[in-house]
């Protein structure tokens, strides 16, 4: 039989999309029917080939099923704006307004550059996950290390979410919980029981979903709730600023004592943790409708702009509101009189709104955590979307471990300062810089400016990691003494 088709090589990468496309552009109906017989023969021959279509990722192309740009923006924004925003006002208290604002901008720019480099080389080397592109650049050992970093970072972030929920609803050592203010004493005073109820009733059903695109609506809602939080904080700070009831803020870091210097060393890794979303870039890109590097870069830039506005507004207004009394988790500050009309109502709106935000963010971070654990433990197995039992089993185990972690870690500052100095800075800067330098040299696709920025990110990441780790160790020792 004559055919214009040839058998696909076993070593060839092919692009396959879940879409409705015409294999042939027939000039008329008769030619289409004749060619259909030929194509059916090709399919029969291809059945004998020794490769699994699922092993070859989708790098470019148009998909009729997937999220649009704004759905992708919501998912990526949700990956970034989580519990970290609660610690930013406390970082302003340590860094001062000027240096704090400069670092928010600097980290945003460097993070966006690292995301765009990651997208470029993921597409170029047809990588469907963060670990795969790391393996192309540095080998299997580096891939395993990167996946461990994702597990530590995402697991730590989810533990922080549960800690915040417990602090706000049940209260902490120095602050009253929302439920205590509403209902008085009850079973909700038992923090562990309350967190367990929230996890089983609200978090588990969302975490059981198998596609990140399924979370686009909840991501949009979570971003809206975050914006409400920012607007309320900014409005209250503006009112108090006009009334002249805000204390003069610190504009620069304090170097007057050993304790102040240690706080400065610890807070820098927390700032580097602010924009880490790289573990979710490939999953979001894979489900982007009509995906291309240019389109994903647009998603990244819109997301970065949103996050800069949200972060700067929250950090500055939060610090102006509470000054030296700003807590590591600023939500806990909203149990006191704000000095404005309807203070109690504002407090409730802020705390309850952000708890709902965290509930909706939780499954997005959990998605990449579960995918990474699956890849690490069940390499070569079918995707989780094709194995509901394995997906459900991993979800239950991970939620149980995260719950146990939330009962053992004292506060979010402790969690953030360690993940920020280790796994977060590695995922956000170290690995993307090494990927760009290694693969850019092989493919000769990296410009002089991009190479220079990659080296800058790598040096910055190493310095931040060393300084943060040393600061954490000294901080623990000084407290124990």
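In case you wondered, yes, glycine gets a Cβ from its N, Cα and C as well.
Among the features that TrEMBL reports, domain 'Amino acid transporter transmembrane' is placed at 68-472.
Counting same-chain residues at least six beyond the ends of the transmembrane segment (68-88), those with a Cβ under 8 angstroms from any Cβ of the stretch are 100, 104, 157, 160-161, 164, 212-213, 215-216, 219-220, 222-223, 226, 270, 273-277, 279-281, 284-285, 287-289, 295-296, 298-300, 302-303, 306-307, 310-311, 314-315, 318, 328-331, 354, 358, 360-361, 364-365, 368, 412-413, 416. As annotated by TrEMBL, transmembrane segment applies to 68-88 (among others).
According to TrEMBL, the feature transmembrane segment maps to 94-119 (among others).
If you look at the transmembrane segment (144-164), the same-chain residues 6 or more away from its ends with a CB under 8 A from one of its CBs are 82-84, 86, 130-131, 134, 195, 198-199, 276, 279, 329, 331, 354-355, 358, 361-362, 365-366, 368-369, 372-373, 375-376, 398, 401-403, 405-406, 409, 411-412, 415-416, 418-419, 422-424, 426-427, 431. Under the heading transmembrane segment, TrEMBL lists 144-164 (among others).
The feature transmembrane segment is assigned by TrEMBL to 193-209 (among others). The list of residues near the transmembrane segment (193-209) in space but at least 6 beyond its ends in sequence, with Cβ under 8 angstroms from a Cβ of it, reads 162, 165-166, 169-170, 179, 187, 215, 218, 359-360, 362-363, 366-367, 370, 391-392, 395-396, 399, 403, 406-407.
What TrEMBL records for 221-241 (among others) is transmembrane segment.
What TrEMBL lists as transmembrane segment is 261-281 (among others).
Annotation source TrEMBL lists transmembrane segment at 302-325 (among others).
Per TrEMBL, transmembrane segment is recorded for 345-369 (among others). Counting residues 6+ beyond its ends, the transmembrane segment (345-369) has Cβ neighbours under 8 Å at 75, 78-79, 81-83, 86, 150-151, 154-155, 157-158, 161, 164-165, 168-169, 178, 198, 202-203, 206-207, 209, 212, 215, 218-219, 221-222, 225-226, 228-229, 232-233, 236, 279-280, 283, 331, 334-336, 338, 395, 398-399 in the same chain.
Tertiary proximity for the transmembrane segment (390-409) is limited to same-chain residues at least six positions away from its ends with a CB under 8 Å from its CB atoms, namely 155-156, 158-159, 162-163, 166, 192, 195-196, 199, 203-204, 207-208, 210, 366, 369-370, 373-374, 378, 381, 384, 415. The transmembrane segment annotation in TrEMBL covers 390-409 (among others).
Summarising the annotation, TrEMBL assigns transmembrane segment to 421-440 (among others).
Taken from TrEMBL, the feature transmembrane segment applies to 452-474 (among others).
The highest tally of CB pairs under 8 A with the transmembrane segment (94-119), across 221-241, 261-281, 421-440, is held by 261-281. The transmembrane segment (421-440) makes no contact with the transmembrane segment (221-241): fewer than 3 of their CB pairs lie within 8 A, with pairs spaced 6 or more apart in sequence. If you look at the transmembrane segment (452-474), the same-chain residues 6 or more away from its ends with a CB under 8 A from one of its CBs are 110, 113-114, 117, 262, 264-266, 268-269, 272, 417-418, 420-422, 425-426, 428-430, 432-434, 436-437, 440, 446. With a threshold of 8 Å between CB atoms, the same-chain residues lying at least 6 positions outside the transmembrane segment (302-325) that come near it are 69, 73, 76-77, 80-81, 85, 88-89, 91-93, 97, 100-101, 104-105, 108, 111-112, 223, 226-227, 229-230, 233-234, 236-238, 240-241, 246-247, 249, 274-275, 277, 333, 338. Within the chain carrying the transmembrane segment (221-241), a Cβ under 8 angstroms from the stretch's Cβ atoms is held by residues 74, 77-78, 81, 85, 306, 309-310, 313-314, 316-318, 320-321, 338-340, 346, 349-350, 353-354, 356-357, 360-361, 364, all 6 or more beyond its ends.
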